[in-house]
């Protein structure tokens, strides 16, 4: 597998709608002139943005977290430009971008250092061959203080790896449960 460059990312976004909406270069300043956490195409990856839809974890209903039988009451829905994650808690969000991953490609996503240096960890599982949808983002606040997440700004970087051989069965072929997801998607079994 080889990592793909900015040229390949731009070409695939233009010819295959791999990323929509797409920023062909790094964006570091908002349209109104404010400094922001960067997003867009980088040398060997794409910095994704967080949309303004969040699900903030709460223990108000005193449920047990069970990935096989997840209780939606474990989250409080929030929409806004800034999400405050309580100390030692987490939140879910989704990307602004919608992805269509080619059959020969697998991605790995890593949190941006701007957030990591503040104790905020971004977790995203790989985007598998022929998966498509908005990406559900997991933010963990590892600090004893409330932490801010900024909507419509960069939060993580996606690295694209292309195999020298096409996979036998893609995510779409096996009817993956998160195929075509829109919005913040909770666990499914």
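Easy rule for this one: first residue shown is 1, then count along the chain.
Every residue, even glycine, has its Cβ placed from backbone N, Cα and C.
Quick look at what Swiss-Prot lists:
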{"type": "BINDING", "residues": "112, 113, 114, 115, 116, 117, 136, 137, 138, 157, 171, 181", "note": "dCTP binding site"}
{"type": "ACT_SITE", "residues": "138", "note": "active site, proton donor/acceptor"}
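Features as recorded by Swiss-Prot, highlighted on the structure.
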residue: 112; record: dCTP binding site; DSSP class: coil
residue: 136; record: dCTP binding site; DSSP class: strand
residue: 171; record: dCTP binding site; DSSP class: coil
Original post:
What is the total of other Cβ atoms whose distance to the Cβ of residue 114 (dCTP binding site) is within 10 Å?
Top reply: 14
Original post:
When you measure from the Cβ of residue 116 (dCTP binding site), how many other Cβ atoms are you left with inside 10 Å?
Top reply: 14
**OP:** Could you list the residues of the same chain, at least six apart in sequence, whose Cβ is under 8 A from the Cβ of residue 112 (dCTP binding site)?
**Re:** 37, 38, 47, 122, 154, 155, 156, 157
**OP:** Please list residues from the chain of residue 138 (dCTP binding site) whose Cβ is under 8 angstroms from its Cβ, counting only those at least six apart in sequence.
**Re:** 90, 91, 92, 122, 123, 124
